[in-house]
Amino acid sequence: MTSEITYAEVRFKNEFKSSGINTASSAASKERTAPHKSNTGFPKLLCASLLIFFLLLAISFFIAFVIFFQKYSQLLEKKTTKELVHTTLECVKKNMPVEETAWSCCPKNWKSFSSNCYFISTESASWQDSEKDCARMEAHLLVINTQEEQDFIFQNLQEESAYFVGLSDPEGQRHWQWVDQTPYNESSTFWHPREPSDPNERCVVLNFRKSPKRWGWNDVNCLGPQRSVCEMMKIHL
């Protein structure tokens, strides 16, 4: 009886020791496999980040394309409108390399000088209506920048008429302004002697005086009907 008890105790102790070894082995195994699980999660996170990056990049390219297409459509529409306003053009080929073709054009019945086109009206209207007429032709009233430009214009005018230009004094304070916002330069003006002479005359015409014989600028009432000169940039094809 005594030997049986001893055997049972020994067996129990051995089983306990064996169980302890298995438990320790299992814990060690879990510790070894834990880093392996964290490593497998990193590639997934990297793939997800790259996917989001390329998705955002694709969206950015799409938005940029849409904006570009809209602007291109607006420019094309503007060019088409201008071509419809001036259905007939008179063009001169520019000096360009052989592989390039470029034409500088003015609408039919307009005068060409340097980089601009000029239309000399035969109808009389107020200064404001004259500017509106120019705007309907995608132009504005004449802005004189050089003596050469003015001399060219004078050669195409009739001495018995006066012609509105794009210079005015809206407030009557002798603060002259060009319609295209070109700064008014006192040293580059071509007023007749003793002009401008009346603060109530707020618009400017080109007219010819016989004494002395010369063309020049004269301030006049803006409502009085006069002929006019329109100006626009040349159209390049």
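Placement of Cβ uses the backbone N, Cα and C atoms for every residue, glycine included.
What Swiss-Prot lists as topological domain 'Cytoplasmic' is 1-48, and the listing cites sequence analysis.
Positions annotated as topological domain 'Extracellular' by Swiss-Prot: 70-237.
Within 10 Å of the C-beta of CYS106 (disulfide bond) we count 22 further C-beta atoms, all protein chains included. If you look up Swiss-Prot, you'll see CYS106-CYS117 (among others) marked as disulfide bond, on the strength of experimental evidence.
Residue counts for the domain 'C-type lectin' (113-231) by DSSP state, with H, G and I taken as helix and E and B as strand, are 21 helix, 40 strand, 58 coil. Annotation source Swiss-Prot lists domain 'C-type lectin' at 113-231.
Taken from Swiss-Prot, the feature disulfide bond covers CYS134-CYS230 (among others).
Per Swiss-Prot, Ca(2+) 1 binding site is recorded for VAL143, ASN145, GLU149, GLU231.
For ASN185 (N-linked glycosylation site), the count of additional Cβ atoms within 10 Å of its Cβ stands at 10 [all protein chains shown]. If you look up Swiss-Prot, you'll see ASN185 marked as N-linked glycosylation site, on the strength of sequence analysis.
Within 10 Å of the C-beta atom of SER197 (alpha-D-mannopyranose binding site) sit 11 other C-beta atoms, taking all shown protein chains into account. Marked as alpha-D-mannopyranose binding site by Swiss-Prot: GLU195, PRO196, SER197, GLU201.
Taken from Swiss-Prot, the feature Ca(2+) 2 binding site covers GLU195, SER197, GLU201, ASN218, ASP219, and the record attributes it to experimental evidence. For ASP219 (Ca(2+) 2 binding site), the count of additional Cβ atoms within 10 Å of its Cβ stands at 23 [all protein chains shown].
Sequence-distant neighbours of CYS203 (disulfide bond) (same chain, 6+ apart, CB under 8 A from its CB) are TRP127, PHE164, LEU167, SER168, ASP169, ASP219, VAL220, ASN221, CYS222. As annotated by Swiss-Prot, disulfide bond applies to CYS203-CYS222 (among others), with the evidence given as experimental evidence.
The N-acetyl-D-glucosamine binding site annotation in Swiss-Prot covers ASN207, PHE208, ARG209 and is backed by experimental evidence. Sequence-distant neighbours of ASN207 (N-acetyl-D-glucosamine binding site): residues of the same chain at least 6 apart with a C-beta under 8 Å from its C-beta are SER161, ALA162, TYR163, HIS192, TRP215, GLY216, ASN218.
Using Cα positions, the member of the recorded positions CYS106, GLU195, PRO196 nearest to GLU231 (Ca(2+) 1 binding site) is identified as CYS106. Distance from the CA of CYS230 (disulfide bond) to the CA of VAL143 (Ca(2+) 1 binding site) is 9 Å. For the pair ARG209 (N-acetyl-D-glucosamine binding site) and GLU195 (alpha-D-mannopyranose binding site), the C-alpha distance works out to 13 angstrom. Fewest Cβ neighbours within 10 Å among the disulfide-bonded residues CYS134, CYS222, CYS230: that distinction goes to CYS222. When averaged over the topological domain 'Extracellular' (70-237), pLDDT in the model lands at 88.
It is 36 Å from the Cα atom of SER197 (alpha-D-mannopyranose binding site) to that of CYS106 (disulfide bond).
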